[in-house]
């Protein structure tokens, strides 16, 4: 349905319609309110939803107020109130170098996630410090205290020569050393003496390590998870004596770190 003209009230057809100032006009009816000069979309100026030309556009005027004692007092009072409020706000925010952030659901979720990550890291560090440098998978088997260890190590050192397996690796030195031979005036240097370690024997009981272990004393051996322990002899419920097949080292090892094959 075609609208009516805001000036003459007649129907405005699309071919002569001007849409401006929230109203519809005929092109001929869209003129200045004062001088009746026809206007267009480029040279009109609107005031109170009425078109004006540049020359007759209403100018805004300001009312002069006399500087009476009462007005001066109100002006001074307003300035004092502004200064008081400014100082109050300044003192209240003094020393605060942060801006207030709204506690939105997204920020609450991020804060909760950070707290969970901090708790996880704390528990990881706590478990590592409790397990020590030789921690394996899961909970580390508890070691006997130093008093229990010293109670059976002393008699073991006295009986150790009687319990060394016959197949334990020892350092052997060849009984016969090559003699330097001389040919005329030249003397051939003797070959260097080599110290060989005999391979561990395959007899006796065989165990497999289920945890990593670092030797805490000279009479103990170190091994890794998965190493094979051969020539194993049971000392008591907590300790064994055997040879690590991978390294050839022989000594004491905790019984709860290995399992029978």
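Cβ coordinates are placed from backbone N, Cα and C, and glycine is handled just like the others.
Here is what Swiss-Prot records for this protein:
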type	residues	note
COMPBIAS	121-130	compositional bias 'Basic and acidic residues'
DOMAIN	5-56	domain 'LIM zinc-binding'
DOMAIN	202-261	domain 'SH3'
MOD_RES	1	N-acetylmethionine
MOD_RES	42	N6-acetyllysine
MOD_RES	68	phosphothreonine
MOD_RES	75	N6-methyllysine
MOD_RES	99	phosphoserine
MOD_RES	104	phosphothreonine
MOD_RES	112	N6-succinyllysine
MOD_RES	118	phosphoserine
MOD_RES	134	phosphoserine
MOD_RES	146	phosphoserine
REGION	111-186	region 'Disordered'
REPEAT	97-131	repeat 'Nebulin 2'
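Known features from Swiss-Prot, placed on the structure.
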residue	record	Cβ neighbours (10 Å)
1	N-acetylmethionine	3
42	N6-acetyllysine	5
68	phosphothreonine	9
75	N6-methyllysine	11
104	phosphothreonine	9
112	N6-succinyllysine	10
118	phosphoserine	10
Whole-number Å value for how far residue 68 (phosphothreonine) lies from residue 112 (N6-succinyllysine) (Cα to Cα): 63
Number of helical, extended and coil residues in the domain 'SH3' (202-261), per DSSP: 3 helix, 29 strand, 28 coil
Where residue 42 (N6-acetyllysine) falls in three-state DSSP terms: coil
Summary of DSSP states over the repeat 'Nebulin 2' (97-131), given as helix, strand and coil counts: 27 helix, 0 strand, 8 coil
Rounded distance in angstrom between the Cα atoms of residue 118 (phosphoserine) and residue 42 (N6-acetyllysine): 65
Structural state of residue 1 (N-acetylmethionine), classified by DSSP into three states: coil
Cα within 10 Å of residue 104 (phosphothreonine) - qualifying modified residues among 1, 42, 75: none
Distance, residue 75 (N6-methyllysine) to residue 1 (N-acetylmethionine) (CA atoms, angstrom): 57
Distance, the residue listed as 'N6-methyllysine' to residue 68 (phosphothreonine) (CA atoms, angstrom): 11
